[in-house]
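Notes follow the structure.
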Amino acid sequence: MLVFVMAACFFGELSIVKPPAKEVLKGLFIPKLKGNGATGDAIALLGALVMPHNLFLHSALVLSRKTPSSVRGIKDACGFFLYESGFALFVALLINIAVISVSGTVCFGENLSAEDIDKCSDLSLDNSSFLLKNVLGRSSSIVYGVALLASGQSSTITGTYAGQYIMQGFLDIKMKTWLRNLMTRCIAIAPSLVVSIIGGSNGAGRLIIIASMILSFELPFALIPLLKFSSSSSKMGPHKNSIYIIVFSWTLGLMLIGINVYFLSTSFMGWLIHSSLPTYAKVLVGVVVCPLMIVYLIAVVYLTFRKDTVVTFVADSCKADAEKAAGGSGEDDDEPVPYREDLADIPLPAHSRG
């Protein structure tokens, strides 16, 4: 609710500053990147919006819903989950549009004070609260700070849940709740705390950008298996993706991978060439980093073309094919789905239990 308060404030500010609607729509469909670090910020925004661990979390939270154990029930549930995720991402898109439109209109407007001009020249989380002065006045910094705190708590909760499911699902590690919470909090907070103490608020703001960029680079390692599993008949049976979704999602996924690889290679080479480091240091850095980039590419290609022959959908597909050949439907919408023993012991969020 506190995050929605900040969203409402930006929408209110949007109605006051009145950005040119034509330019906003043009920027949505014909994006342009200007200024130093614009490409990195765009990639960071993508990583922050579509976080890799949330892909696992959304899949796991599906199990906490009271889905009817039938083919028709699963189909209906998949539709509702699509609407739910789509609505959440659409709201996030609207909030981002409002924030960027307000920032651009205010900072490029007329009659700016010298203080506001200085803030716009280096806009960060520390000084962005002045963008809401028209709506909130002097209390803008307080509301903005509380909303940022709520946003951080939301990220912490989702990260902890995702870590829980990954540890229990992939690593088969089970521990007491308080110990898991302590360990995950320490892992998440310790690096940020160290950077904040050493680098101050500017260092913490830069850390957010770097962490979001890392999330974007990690996204293919969560996205590619998700696309392969959800498009596989041996994994999903009749619930696999349609050919249209497969083509569309793989196109977006390959575009994302291409953007990441291009930015990673060009930014590193540009930094290496224009760096003030001595020649031997540049060679040493290149020898260390270039193999890591090659390993990244090989890992992405391996994930993309790796064949998975494990069958987890346990329905008798041969019997279904025989029924279809005999004139039957081959699929009873009210037929119970097979019992999945590997999913039976996964603990679900306490608030979702009936």
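Don't overthink the numbers, they just go from 1 along the chain as shown.
Cβ coordinates are placed from backbone N, Cα and C, and glycine is handled just like the others.
Copied over from TrEMBL:
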type: TRANSMEM; residues: 41-61; note: transmembrane segment
type: TRANSMEM; residues: 81-102; note: transmembrane segment
type: TRANSMEM; residues: 142-162; note: transmembrane segment
type: TRANSMEM; residues: 182-201; note: transmembrane segment
type: TRANSMEM; residues: 207-229; note: transmembrane segment
type: TRANSMEM; residues: 241-263; note: transmembrane segment
type: TRANSMEM; residues: 283-305; note: transmembrane segment
type: REGION; residues: 321-354; note: region 'Disordered'
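Beyond the ends of the transmembrane segment (241-263), by six or more residues, the same chain brings 39-40, 43, 46, 216-217, 219-220, 223-224, 227, 230-231, 296-297, 300 to within a C-beta distance below 8 angstroms of the stretch. Listed by sequence, the residues of this chain that lie at least six past the ends of the transmembrane segment (41-61) yet keep a Cβ under 8 A from its Cβ atoms are 31, 33, 81, 85, 89, 92, 96, 158-159, 161-163, 165-166, 169, 208-210, 212-219, 221-223, 226, 256, 259-260, 263, 346, 349, 352.
Between the transmembrane segment (207-229) and the listed ranges 142-162, 182-201, 283-305, the one holding the most Cβ pairs under 8 Å is 283-305.
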